[in-house]
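Asker: What follows is a single structure, and I will ask about it in a moment.
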Amino acid sequence: MFDTDCNSSDHHSEVWPSLPPATTEQEMPGIGHLDTPGPPDPATPLELMANNLQMEGPTTDPTSQPWPGPPPQPEIPAPSSHRETWTGKYKFLLSCLGYSVGLGNIWRFPYLCYRNGGGVFLIPYFITLLVMGLPLFLMELSLGQYGAAGPITVWKCCPLLKGIGIAMLIVSSLLSLYYNVIIAWALYYLGSSFQSPLPWSCDAPGNAYLCQNASGIVSASEVFWNEQVLGVTHSSGLGDPGTVQWPLALCLLAAWIIVVFCTLKGIHSSGKMVYFMGTFRYLLILTLIIWGATLDGSLDGVRFYLSLDWSRLWSAQVWSDASSQIFYSLGIGFGGLVSMASHNEFDNNIIRRKTLVLAIGSCCTNFIAGFAIFSVLGHMAWRNQVPVGSVTDSGPGLTFVAYPEALSLLPMSPLWSVLFFLMLFTLGVITSFENIKGITTAILDEFPDPHNWRSKVALLGALCTSFYLLGLLLVTQGGIFWFTLIDKYSTGFGLITVSLFMCLGIAFCYGVNQFCQDIMHMICQCPPWYRYMLGYFKACWAFFTPCLLLTVLICACLDIHRVPLHHGTYEYPTWGTSLSICMGILTCLQVPLWAVVALCRESGTLRNRFQKAIQPLHSWRAAAGRNVAGDVIARRSPSP
């Protein structure tokens, strides 16, 4: 299936695949924009290769240009400092675990599952995991590790697709804008948990009338969420944001300050946090599941969670929500995975069992956490004598209604509440840190500066200050309406489109065979089943994943016109939906816009321009010559 011999003990000799002397440029899809007379001898050791590249000066031989006409645009020189790498072999996996198993699992999955009919939502969810989630997860990790660059610069493998990196940056910025609002909510609940009784429990003063076993009475936790935390009862909709909730604004400020300090500490700070959080989160979720099973009516909630309403499978919204949740569960399309993998050593086994188990385990965490949520929803429905499907609002605040309700029923409830919201806060910080890290890595890789530390501090300060000021709209009394709008359209629509372009670009512009060959160069020593697994991913990248993404994208577009967006009883106006769709389209336009820019930078006919623009830059192949310490072979100066 693949030409690389993975049983060789020295894989560095295969970084530059040997080519027959008679091979023309058109037959060399993986070697474009090279200024060298040809690839080095496969038998040359890595150290000699590095010395040769450093000693040779700029070449003026016209035969070194793969295409006639003016030379290609010179590359931006790489920064002089070495790229930071992971110190431990498990820190990368743990950081991916913290990035993937985060707020998307604990906060987003339950309300999407509740909104889409419970158990039937799990069918499209796991289908999209196998056909779309895992292939895209491996694609991003492989791109970042092979190219040793952020989500923009990594597209030196195919300059025509540079807009994908820009689009990832926009989506990641939108995510960071409102994910820190969730961290602010968790901080607010964390501070409120140091009270006994808990302010959202039935034992709190003034909540007794809310805990009567009478139909139509809302829960104390729901009243606390809507009135005291959000203040949404004082807003009529998008056009009436009201005043800023200053306690939330202070929590948001504290969240951004913590994210800035974590980002300044570098890639090692997330690994340290995940060592503790990796087991702690599962301990808390397991405790809530066991305790929830003892509550009256919990079985009704679990039955709703596992029920199958087959008619819902024909709903475009179910498939659209399931696909978008896969992106959040695995961190696909935001650039964070590319950024984290770029700090790997070149020979890190990216397709190992641990990596794939991590991705599958992240999605299974959603399924497990659902039992904790729905057992409590069943108890709330039993107490209020209403169906489980209508016991509370199915919006983004479901987690901040159901989990606090469960915590208030535990013995020593303040202690459990402190631990849970501390966990939620930490998960949010890890997710936000990796997003900001991806943004800064992308910008600093694209515009290298010898004074890297000062540039990083200045960039971080500007980004986080801007995000905080923009995020103040989301902590107003009507902020939840804007929050839901951004979460539904601006990021979800953009993620699907960006991933579709990425998959098509790698499969048909860069070449799916060449991409698989690159992966085999990295992992090298591999058992035979690796080849069969990579064959499955190859089929997905070339056909199944793009087809599913295109189908989901069409469903999402149809869903926009057929099903108006609601938050509770509030129906969003047309102008609000249109504004959010424009934000999503702005993200998607980056791909064709930067493709036009790449074509304009080349010379010749349109066909020749296209062929040049899909050829990898020399630094893409030079990145494959990194040694295991994370250094990069010195790049040759561009030809005059």
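Positions of Cβ are set from backbone N, Cα and C atoms, glycine also.
Below are the features listed in TrEMBL for this protein:
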type     : residues                    : note
REGION   : 1-82                        : region 'Disordered'
COMPBIAS : 65-77                       : compositional bias 'Pro residues'
TRANSMEM : 92-110                      : transmembrane segment
BINDING  : G98, V101, N105, S329, L427 : Na(+) binding site
TRANSMEM : 122-143                     : transmembrane segment
TRANSMEM : 164-190                     : transmembrane segment
DISULFID : C202-C211                   : disulfide bond
TRANSMEM : 246-267                     : transmembrane segment
TRANSMEM : 279-306                     : transmembrane segment
TRANSMEM : 326-344                     : transmembrane segment
TRANSMEM : 356-382                     : transmembrane segment
TRANSMEM : 415-436                     : transmembrane segment
TRANSMEM : 457-483                     : transmembrane segment
TRANSMEM : 489-512                     : transmembrane segment
TRANSMEM : 539-563                     : transmembrane segment
TRANSMEM : 575-600                     : transmembrane segment
Asker: Please report the distance from the Cα of C202 (disulfide bond) to the Cα of S329 (Na(+) binding site), rounded to the nearest angstrom.
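Answerer: Spelling it out, the Cα of C202 (disulfide bond) and the Cα of S329 (Na(+) binding site) are 34 Å apart.
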Asker: Ranked by the number of other Cβ atoms within 10 Å of their own Cβ, which of the recorded positions C211, L427 ranks first?
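Answerer: Highest number of other Cβ atoms within 10 Å: L427.
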Asker: May I ask for the distance between N105 (Na(+) binding site) and C211 (disulfide bond), taken between their Cα atoms and rounded to an integer number of Å?
Answerer: 29
Asker: Can you check which residues sit near S329 (Na(+) binding site), meaning Cβ under 8 Å from its Cβ, same chain, 6 or more apart in sequence, and list them in order?
Answerer: S100, G104, N105, F109, L129, G133, S362, C363, N366
Asker: Within the same chain, where does the transmembrane segment (164-190) have neighbours whose Cβ lies under 8 angstroms from its own Cβ atoms, ignoring anything closer than 6 residues to its ends? I mean 6 or more beyond.
Answerer: 103, 107, 150-155, 229, 247-249, 251-252, 254-256, 259, 333-336, 338, 400, 404, 417-418, 421-422, 424-425, 428-429, 431-432, 435-436, 438-439, 442-443, 467-468, 470-471, 474-475, 479, 483, 486-487, 490-491, 494-495, 497-498, 501-502, 505, 583, 586-588, 590-591, 594
Asker: So, does the transmembrane segment (539-563) come close enough to the transmembrane segment (246-267) to give 3+ Cβ pairs below 8 Å, pairs being at least 6 apart in sequence?
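Answerer: No, since the transmembrane segment (246-267) and the transmembrane segment (539-563) share fewer than 3 Cβ pairs closer than 8 Å, they do not count as touching.
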Asker: Please identify the stretch among 92-110, 279-306, 356-382, 415-436, 539-563 with the greatest number of Cβ pairs below 8 Å relative to the transmembrane segment (326-344).
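Answerer: Selected stretch: 92-110, with the most Cβ pairs under 8 Å.
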Asker: What is the total of other Cβ atoms whose distance to the Cβ of N105 (Na(+) binding site) is within 10 Å?
Answerer: 25
Asker: Considering only Cβ pairs under 8 Å, which range in 122-143, 279-306, 356-382 makes the most contacts with the transmembrane segment (92-110)?
Answerer: 356-382
Asker: Quick test of the contact rule: Cβ under 8 Å, at least six residues beyond the ends. What residues does that give for the transmembrane segment (279-306)?
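Answerer: Sequence-remote neighbours of the transmembrane segment (279-306) are 101, 106, 113, 118-119, 365, 368-383, 388-389, 403, 406-407, 409-410, 416, 419-420, 423, 427.
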